[in-house]
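Worksheet: one structure, shown below.
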């Protein structure tokens with residue numbers, strides 16, 4: 001057995017045990033040390049990916065390692081690293097230095113890495129649940145705050161609903177095909193079709209697509225802001241890599257699946273963007289933005305095309321970078337006395353914190369899809385991919401939804417730069433980790449916009 005193939009997961013598992021054991025003996029004041037240690041293990045795990053021998057299959061062909069899922073793991077670890085660095089000062093200022101937090105992020109990340117390497121529906125379920133259960137805990141960490149408890153409960157309910165649908169869908173696929181291992185299916189029947197629809201629905205719920213989005217904004221709003229950054233990015237990367245794999249295997253035998261995905265995509269794009277205009281909280285606005293982006297991403301799954309898939313995976317990654325950057329700025333601002341993320345708090349922010357206002361504006365422009373931000377190329381790639389695969393009408397709807405979204409992002413920027421603040425919140429401290437995350441994500445969003453081939457070429461080769 002090629003044990004080298006699971007080197008990234010093994011390093012992360014060692015990191016979890018190390019941080020867990022140290023947390024038992026160290027006082028809360030060493031929380032920063034545990035966060036940095038967890039970050040080091042994330043870096044080591046990411047570095048080890050370059051030494052993995054692939055392709056490889058392990059555990060009775062239920063776990064595979066290939067170029068595509070190694071890229072997915074690298075993306076997941078990169079974004080997790082940024083979240084870890086940005087979180088320790090935030091929780092210190094909130095007097096919530098939970099020693100469990102660093103290894104909870106690692107456990108969720110390990111589950112997602114196992115999930116995208118799985119070629120067996122049962123192992124996918126195991127990885128998915130390892131990540132999901134950990135994320136329920138992360139949402140409810142501010143247990144003294146009502147919104148955090150409410151968000152955790154709601155996230156638990158919607159998460160277990162998705163789990164139930166996935167389990168039943170997998171059982172139906174197994175009943176119709178006689179195997180839990182993913183392989184090209186040539187024939188469909190009623191049981192298989194129903195199983196595929198349930199699996200699509202379960203994963204759509206996990207990525208917060210309409211109509212499975214209910215309570216997602218509440219969970220995002222109630223969670224600690226660095227946790228919201230994690231929830232809205234890292235699991236999405238894992239889910240869309242899994243979606244691509246399932247599209248190439250299971251869904252190819254069910255030709256009508258694309259209409260199900262198309263419906264979910266259109267509903268998510270327009271609902272998320274329209275309802276975002278009614279929000280008074282910028283944090284909640286970004287939650288609805290993530291629902292709209294789920295719709296954008298799902299449009300790329302309506303056809304089996306490597307160029308569409310490569311644009312999707314590139315888009316998901318750069319969207320994650322921009323979103324983590326935006327939420328990190330919100331986390332920094334939240335440390336101010338009386339800050340609530342209400343639009344009124346952002347009035348005249350350029351006068352109090354010109355650098356933070358400028359960085360947040362950059363991330364919001366990136367999410368709109370304005371060049372040279374890399375998100376623009378992701379959107380452009382999906383649009384041309386839809387046109388190329390004769391999905392012209394869907395491509396037009398995709399473009400219209402993107403234009404609609406510009407308004408609410410620009411509203412935040414207008415409040416920051418064109419209005420004068422009525423309430424002064426004063427300056428705030430920025431930790432080294434937060435500064436590195438904001439500057440690092442901003443640099444990568446622009447860098448990949450100018451040099452997209454650095455990532456796209458690897459994804460295209462992996463898909464080929």
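The backbone N, Cα and C atoms fix where each Cβ goes, and this holds for glycine too.
Copied from Swiss-Prot, the annotated features are:
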TRANSMEM  6-26  transmembrane segment
TRANSMEM  65-85  transmembrane segment
TRANSMEM  98-118  transmembrane segment
TRANSMEM  122-142  transmembrane segment
TRANSMEM  155-175  transmembrane segment
TRANSMEM  192-212  transmembrane segment
TRANSMEM  237-257  transmembrane segment
TRANSMEM  259-279  transmembrane segment
TRANSMEM  285-305  transmembrane segment
TRANSMEM  312-332  transmembrane segment
TRANSMEM  401-421  transmembrane segment
TRANSMEM  436-456  transmembrane segment
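Nonlocal intrachain contacts for the transmembrane segment (65-85), taken as residues 6+ away from its ends with a CB within less than 8 angstroms of a stretch CB, comprise 5-6, 8, 35, 38-39, 42-43, 45-46, 49, 52, 54-58, 102, 105-106, 109, 112-113, 116-117, 226, 229-230, 233-234, 237-238, 241, 244-245, 313, 316-317, 320-321, 324, 328, 433-434, 436-437, 440-441, 458-459, 461-463.
Contact check: the transmembrane segment (259-279) against the transmembrane segment (285-305) gives at least three Cβ pairs closer than 8 Å, residues 6 or more apart, which meets the contact criterion. Ranked by number of Cβ pairs under 8 Å to the transmembrane segment (285-305), the listed stretches 98-118, 122-142, 237-257, 312-332 are led by 312-332. Counted over residue pairs separated by six or more positions, the transmembrane segment (237-257) shares at least 3 Cβ pairs under 8 angstroms with the transmembrane segment (98-118), which defines the two as touching. Sequence-distant contacts of the transmembrane segment (98-118) (same chain, at least 6 residues past either end, Cβ-Cβ under 8 Å): 8-9, 12-13, 15-16, 19-20, 23, 26, 28, 30-31, 34-35, 37-38, 41-42, 62-65, 69, 72-73, 76-77, 80, 83-84, 87, 91, 124, 126-132, 134-135, 137-138, 141, 230, 234-235, 237-238, 241-242, 245.
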